[in-house]
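The annotation domain 'PurM-like N-terminal' is assigned in TrEMBL to B:34-145. Per TrEMBL, Mg(2+) 4 binding site is recorded for B:ASP36, B:SER49, B:ASP80. Residues or ranges marked as Mg(2+) 3 binding site by TrEMBL: B:ASP36, B:ASP80, B:ASP215. Residues or ranges marked as Mg(2+) 1 binding site in TrEMBL: B:THR50, B:ASP51, B:ASP128. Annotation comment: TrEMBL describes B:ASP51, B:ASP80 as Mg(2+) 2 binding site. The substrate binding site feature in TrEMBL is assigned to B:HIS58, B:GLU268, B:TRP314. Per TrEMBL, ATP binding site is recorded for B:GLY127, B:ASP128, B:ARG153, B:SER217. The Mg(2+) 5 binding site annotation in TrEMBL covers B:ASP218.
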There are 2 protein chains.
Amino acid sequence: MANEETIKEVGEFGLIERITGQLSMPASVSVGPGDDSAVFSVDGDAVVSTDMMVEDVHFRRDWCSGFDVGCKLIARSFADLEAMGATSRGCVVAISMPEELQAEWFKDFFQGVSAEVAKARAVLVGGDITSGEKIVATATVFGQMEGRAPVLRSGAKPRDVVALCGRQGWAAAGWATLSRGFRSPRAAVDAYRCPEVPYGAGRIAADAGANAMIDVSDGLIADLGHIAEKSNVLIDIDSSSLEIPGPLQNVGAALNSDPLNFVLTGGEDHPLVATFADYVPQGWAQIGRVLDPVEGSANVLVDGEEWETEYSGWTHF
Amino acid sequence: MANEETIKEVGEFGLIERITGQLSMPASVSVGPGDDSAVFSVDGDAVVSTDMMVEDVHFRRDWCSGFDVGCKLIARSFADLEAMGATSRGCVVAISMPEELQAEWFKDFFQGVSAEVAKARAVLVGGDITSGEKIVATATVFGQMEGRAPVLRSGAKPRDVVALCGRQGWAAAGWATLSRGFRSPRAAVDAYRCPEVPYGAGRIAADAGANAMIDVSDGLIADLGHIAEKSNVLIDIDSSSLEIPGPLQNVGAALNSDPLNFVLTGGEDHPLVATFADYVPQGWAQIGRVLDPVEGSANVLVDGEEWETEYSGWTHF
């Protein structure tokens, strides 16, 4: 794809041809891209989740490359499957792009999609490409339960321990960095551009008997709040158990802000947080406990107190 | 939902609550909306397709209500499953909307989605709602093969008959009507606003041994061209077999245009077209035949000749 070509010049079918020529399907996918639908086998119940990213809402083109957007779209979608204890299988991606967009951007996006789909051990089986003023991309991901029971938000029980698997707070630190016009620390900025989903950890949690699970997309307090609400419990986070990695400390110091805020309220890292009756599996770290609900109290506390912050999780509108 | 409320006033979680309160799940859906993913059983191979509609590209808000957009999004998506010979099961819908949009529009959209999902005998199992300057909606639909082999575009064989099931040309006549500033004939305009997909006809075709199948989204000649190309055959349409219904004749007369053009080149009606070795099942009408490919010829002919028109099917960019 020459650098100067636009989407309009390459055309819808040209873009599709360039993609499908690069894809190879495993035997379990009997029909891949290029027909009306994709067809594949599923072991046990099917699991599905859909996620949309909109230019200038979820990403800015001057902050994130096409690769970043593709990678993040796929990562955040498969994180929702992990949070059920499912095994990832495949995905479809729909995207609208302005006609004057460089075809190179789309190539880059597709490479980000492909790289992350491979990390998730899944396959891109189809998609849709259309024109539109802004870039809007939707990923719908599929997995299979392989006989396991799905781990819901509603299963947490008083006296469970709360455990976390994966990085948390990094993306918020990266976003804060970019917002102030800086580009480093690079590790935080990269974490904002594409999360590192702990692929496979959801299945491990399910096999270890997790009672409830969610991926942290909106913030640790906000997402534990979804578990607390659906399970009718109180969750108390032990802040001393939360690691504050060096890059987060550096961003906090540079911006004169408590880096614990990144960890407690930052979204978009997509680690998994789950509750377990007793056994916390390898790779997971205990960060709190589940208590009986208390009338009139917030349903998530930090060290027994309500966490006071101006920012308590991402909401649309 | 009061008429004057905006999307911003109701909020993301408010919109989701209003939807999920109205949904009921069959036993085969063990996890519906409200958790990280949906979980459901699948009989045989799973079938999936995704489709995106963009405001001012695929629809205009002054021509189509929220109900129309929801209905059309779902209909065109499930038509892709029909075209494999699959049985529809479920779908997820992602949508971006401007903050200042009337919440009533979204309620209307959701009712259109629900009505069409019910027609398809499927279930809405999840979704995603976000803000964005334009309305952009993606449906991803799932079905199951129940032991049938998927009917591909690539299976047509010389000496097959070509058969059509469903209305064709109506949406194009409706679009032409609206484009000239008219609102009638109403039947054509309604067909443009929401197609009548022949649900169940794909499975009947598969059971009757269809060799190839596609739904007509871009135009009869254009979509038969996909079959011809993938199957390496020539397809000859017999124009005398194509019915020109009254409303299409009326639009043609009013616009001084040959109504056969609507039938041959119009998209967005989503009937099914398939090829059969011998037996054409009930509800299907023979409209042509499959021939050996001819070097240097167009791969779809009408009465043995190339069809000359300024418009030969919808393409993006």
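From the backbone N, Cα and C atoms, a Cβ is placed for every residue, glycine too.
Sequence features annotated in TrEMBL and their locations in the structure.
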{"residue": "B:ASP36", "record": "Mg(2+) 4 binding site", "contacts (Cβ under 8 Å, 6+ apart)": "none"}
{"residue": "B:SER49", "record": "Mg(2+) 4 binding site", "contacts (Cβ under 8 Å, 6+ apart)": "B:SER77, B:ASP80, B:LEU81, B:THR140, B:VAL141"}
{"residue": "B:THR50", "record": "Mg(2+) 1 binding site", "contacts (Cβ under 8 Å, 6+ apart)": "B:SER77, B:THR138, B:ALA139, B:THR140, B:VAL141"}
{"residue": "B:HIS58", "record": "substrate binding site", "contacts (Cβ under 8 Å, 6+ apart)": "none"}
{"residue": "B:GLY127", "record": "ATP binding site", "contacts (Cβ under 8 Å, 6+ apart)": "B:ILE16, B:ILE19, B:PRO33, B:VAL92, B:VAL93, B:ALA94, B:ILE95"}
{"residue": "B:ASP128", "record": "Mg(2+) 1 binding site", "contacts (Cβ under 8 Å, 6+ apart)": "B:VAL92, B:VAL93, B:ALA94, B:ILE95"}
{"residue": "B:ARG153", "record": "ATP binding site", "contacts (Cβ under 8 Å, 6+ apart)": "B:ALA212, B:MET213, B:ILE214, B:HIS226, B:ILE227, B:LYS230, B:SER231"}
{"residue": "B:ASP215", "record": "Mg(2+) 3 binding site", "contacts (Cβ under 8 Å, 6+ apart)": "B:ALA79, B:ASP80, B:GLU82, B:ALA83, B:VAL197, B:ASP223, B:HIS270, B:PRO271, B:LEU272, B:VAL273"}
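On the backbone, the CA of B:GLU268 (substrate binding site) and the CA of the residue listed as 'Mg(2+) 5 binding site' stand 7 Å apart.
Separation of the C-alpha atoms of the residue listed as 'Mg(2+) 5 binding site' and B:ASP51 (Mg(2+) 1 binding site): 14 Å, rounded to the nearest whole number. Shown are the binding-site residues B:ASP51, B:ASP80, B:ASP218, B:GLU268; the one with the most C-beta atoms within 10 angstroms of its own C-beta is B:ASP80. Checking the binding-site residues B:ASP36, B:SER49, B:SER217, B:ASP218, B:GLU268 against chain A with a Cβ-Cβ cut-off under 8 Å leaves B:ASP36, B:SER49. Remark: secondary structure over the domain 'PurM-like N-terminal' (B:34-145) totals 34 helix, 45 strand, 33 coil, with classes taken from DSSP.
Under the three-state DSSP scheme, B:ASP218 (Mg(2+) 5 binding site) falls in the coil class. Counting in whole angstrom, B:SER217 (ATP binding site) lies 11 from B:ASP51 (Mg(2+) 1 binding site) by their C-alpha atoms.
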